[in-house]
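Below is one structure, written out as structure tokens, with a few remarks after it.
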């Protein structure tokens with residue numbers, strides 16, 4: 001159960017410095033999606049300029065509002081901007097205050113515990129009406145490996161870190177398996193609402209309908225997770241999704257064009273965005289040894305052996321089995337664009353991938369990019385002899401090795 005909750009939390013905040021595997025969308029986009037399925041939320045208005053924030057706050061003046069920085073990262077409320085503004089979430093009392101805060105948020109970078117020191121650019125804010133809940137719940141829909149299908153994970157202890165809740169009190173978590181084809185029945189959803197402690201019959205029915213519709217979104221939109229934290233029960237007996245995080249399976253982009261049109265690449269690492277254009281599996285890291293490897297398993301092993309010899313990889317890069325000299329050259333361009341890279345380690349096992357293709361791409365890249373950093377190459381497998389001959393005849397300072405440990409040791413040594 002704890003593993004399920006950790007997965008829910010990590011997926012919901014899958015915006016760290018890794019490659020995009022699950023598309024995440026902004027909160028204001030999540031609200032629109034929820035509303036399109038008749039799931040109630042506080043009224044919310046997105047603003048991309050201070051003037052729009054002013055007008056939005058005027059529209060919400062009868063209830064008061066909250067302004068939220070629209071950045072794909074958790075911990076926004078406790079974060080800070082690179083211009084000194086503290087907090088990415090503020091209660092708004094007047095439209096003038098909304099305008100002033102928006103002018104400091106929009107265009108600045110919000111730094112949270114999940115963004116790293118570089119932070120993420122804030123291009124928009126969301127103004128939401130203030131609807132103070134009398135009780136907060138946690139709801140998530142996700143696939144559970146142990147169950148072998150989708151589940152609805154719920155807790156009456158919402159509005160806080162759900163992984164911590166699960167660790168301290170596992171009994172506070174209720175997991176309900178969902179029939180993939182038919183979803184939750186109304187009776188199942190009502191039973192869950194009663195277990196969670198929704199007070200009135202009206203609130204129980206509203207909560208049950210929300211559970212049913214959340215799974216409908218999950219299935220119809222190819223979501224990997226939906227997290228509502230908190231799901232609020234208001235003093236007047238209504239139930240609202242107060243905050244929502246969505247993730248969608250990248251493999252479904254061909255049939256979820258409307259969802260994937262919401263992608264905001266300004267929230268992603270630019271080098272990773274560029275790599276995706278060439279079908280390169282690339283993740284930027286913080287080390288000094290650039291890596292170019294074929295196969296995810298070998299790439300992970302390469303990173304491990306570099307660490308074993310005291311080095312740190314600058315990236316994860318799997319060129320795959322169908323790489324061409326052109327894609328290898330592009331991979332090099334991405335690696336050498338990182339000023340932290342002090343050496344490059346190429347580790348290729350030629351099964352499907354031909355070593356001579358790698359060698360051709362390496363040679364072309366080294367010549368065209370006037371490569372200055374040391375280049376360590378280990379090639380084994382298909383067309384290995386031809387590849388080594390090409391490197392030998394290239395006239396370039398490319399250092400070949402057959403032994404993995406020896407190659408890694410030298411890559412680390414030359415990166416110092």
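Every residue gets a Cβ built from N, Cα and C, even glycine.
Here TrEMBL flags 68, 75, 76, 77, 136 as ATP binding site. The Mg(2+) binding site feature in TrEMBL is assigned to 229, 243. The annotation substrate binding site is assigned in TrEMBL to 294, 351, 352, 353. According to TrEMBL, the feature domain 'ATP-grasp fold succinyl-CoA synthetase-type' maps to 25-232. Residues annotated as domain 'ATP-citrate synthase/succinyl-CoA ligase C-terminal' in TrEMBL: 292-412.
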Rounded Cα-Cα span from residue 243 (Mg(2+) binding site) to residue 77 (ATP binding site), Å: 13
Binding-site residues near residue 229 (Mg(2+) binding site) (Cα-Cα within 10 Å), from 68, 75, 76, 136, 352: 136
Residue 75 (ATP binding site) versus binding-site residues 243, 351, 352, 353 - nearest by Cα: 243
Predicted model, mean pLDDT over the domain 'ATP-citrate synthase/succinyl-CoA ligase C-terminal' (292-412): 89
Remaining residues near the recorded substrate site, that is with C-beta within 8 Å of the centroid of the site residues 294, 351, 352, 353: 295, 320, 321, 348, 349, 350, 354, 381, 382
Among 352, 353, the one of these binding-site residues whose Cβ has the fewest neighbouring Cβ atoms within 10 Å: 352
Rounded to the nearest Å - Cα separation of residue 353 (substrate binding site) and residue 68 (ATP binding site): 48
Fewest other C-beta atoms within 10 angstroms, as judged across 68, 76, which are the binding-site residues: 76
Which of 136, 243, the listed binding-site residues, has fewest other Cβ atoms within 10 Å: 136
Residue 77 (ATP binding site), number of other Cβ atoms within 10 Å: 14
